[in-house]
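Taken from TrEMBL, the feature domain 'Major facilitator superfamily (MFS) profile' applies to 20-439. What TrEMBL records for 18-42, 54-74, 86-104, 145-167, 173-193, 246-268, 280-304, 324-343, 349-373, 385-407, 413-437 is transmembrane segment.
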Amino acid sequence: MLESEQGEVYTVFKTRKILFIFIATLCGSLGPLAANIFLPSIEVFQHVFHTSKQAINGTISMFMFVIAFAPLFLSLWSDNYGRRPLLLSSLSVYLIANILILTLPPNIIAFYIFRAFQGFGASNLAVGVGVIADISEPKNRAKAISYYMIGPQMGPVFGPMLGMVGARFSWRYNFIILSIFGGISLILVFFFLPETLRTIVGNGSDSSQKIIVPFSSRKANDLQAILNKPKRPGIMLYLRLCINRPVLLCAVSGGLAFSCFYAVTVSFSEALTNVYGFDVLHVCLAYIAPGVALVLGSIIFGILSDLLRKQDTLKYGIESRFKLQIACLLPFLGAVISFGWVVQSSGHFAYVILLTFLVAFLVSGILITNTTYLSELSRNQPASYVAFGNLIRNMGAAVFVACVNPMTNKVGYGWGFTIYALTCSVSFIFSILVLMFGSHWREALNRDTESVSEKDFQSAS
């Protein structure tokens, strides 16, 4: 069994840990996959629903808005009442929404409504990180999260690939694929994923397959159990996180990098089609490069992040992970700028594919650092902290993607992605600040909240 840094058993789920990570990864991939799968089919949807391209693009913007904000509420509830009931309910909503889109006659108003429910049901990324945090001790957590992040990171890459195939057959094909993924996820959670929330089941010895396991079922009376007892969900947590310097700087630095990556991913398909004359098949094959890069980057950087944490904990604390983010940021920014100028100058397509590979590979190190660090900042509410980072990330991506076409049309790919990279350079400064001062900021926050926790214990005694 896995042991914590204090020598006590951290989780009893060691033999099923890989299965739990796989289930969480599949659930976490649903949102990014649904957001990107019908990008190549926009003209098809425009014809089917007898509406404008702007109206169809509006459904994408609304979906991104929902998956940015819905995790704030889902994560609060999962950190208080359990992962299992939230996953089961949200996956059910996701599956029903896809089936209704698939079976009902085309109607643009109904499409907007069902896409909103689809986005709500797919907002599982932060809850999935919560599951990983429940079963993975902090010193080895980046490796587990690196495997988990493969799913969400694949959405922007393989979503358009699947969508291009659908564009050649039927618009309903996209929602058949999404329904299959959603149904498989729901079945796996129902039969194979027990409750993992540590404030309910501890290290898993009290775990249950029940849909809802109340906190009162815990058989613990000690100080730690009382202090760990979750408070009622409250949106005030996110207002406090906005003035929490380590959280805010981490979330913004990761959000800007992800936004650049997303803009490159969206422009990659357009550049290959319009500049290099690729057909659908060759564009799909080209997307294999960033897909492989995301897998390799997640695995490699997850291992490196844990090694840095183990080696430099005494000097930098958990902020030692930001050494990896700093090392990835400079070449990442260089690759983003180079991508823009190579496309603008119509350089060989092999360079475009190589640069997209580098962008995807390096952003993996940044996202692994961000997600793992946020999950470590709160022992009892890791999903809520990750949801805050997810909000910043998706809002940034929505803005960058909305601006990429108007900007590249006006100033060209070269200057357009140079502007994006310069904007993202703020992440480098923020990362250094977190590395140098993050532990001091955390200690100050802990001193402010320590007395409150002791009062809670005294009142409970």
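Cβ coordinates come from backbone N, Cα and C, glycine included.
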**Request:** State, in range form, which of 145-167, 246-268, 280-304, 324-343, 385-407 has the highest count of Cβ pairs under 8 Å to the transmembrane segment (54-74).
**Result:** 385-407
**Any contact, the transmembrane segment (385-407) to the transmembrane segment (413-437), with at least 3 Cβ pairs under 8 A** = yes
**Item:** the transmembrane segment (86-104) vs the transmembrane segment (413-437): 3 or more CB pairs under 8 Å
**Value:** no
**Prompt:** Who are the chain neighbours of the transmembrane segment (246-268) in space, where the CB to CB distance is under 8 Å and they lie at least 6 residues beyond its ends?
**Reply:** 39, 156-157, 286-287, 290, 319, 325, 329, 332-333, 336, 339, 343, 352, 356, 359-360, 363, 366-367, 369-371, 373-374, 377, 385, 388-389, 391-393, 395-397, 399-401, 404, 408, 413, 417, 420-421, 423-424, 426-428, 430-431, 433-434, 438, 441-442
**Fill in**
Relative to the transmembrane segment (324-343), the stretch among 173-193, 280-304, 413-437 with the most Cβ pairs under 8 Å is 413-437
**Fill in**
Spatial neighbours of the transmembrane segment (145-167) not adjacent in sequence (6+ beyond its ends, CB under 8 Å) are 21, 24-29, 31-41, 44, 125, 128-129, 132, 136, 173-174, 177, 261-262, 265-266, 269, 280, 283-284, 287, 290-291, 294-295, 298-299, 301-303, 305, 360, 364, 367-368, 371-372, 375
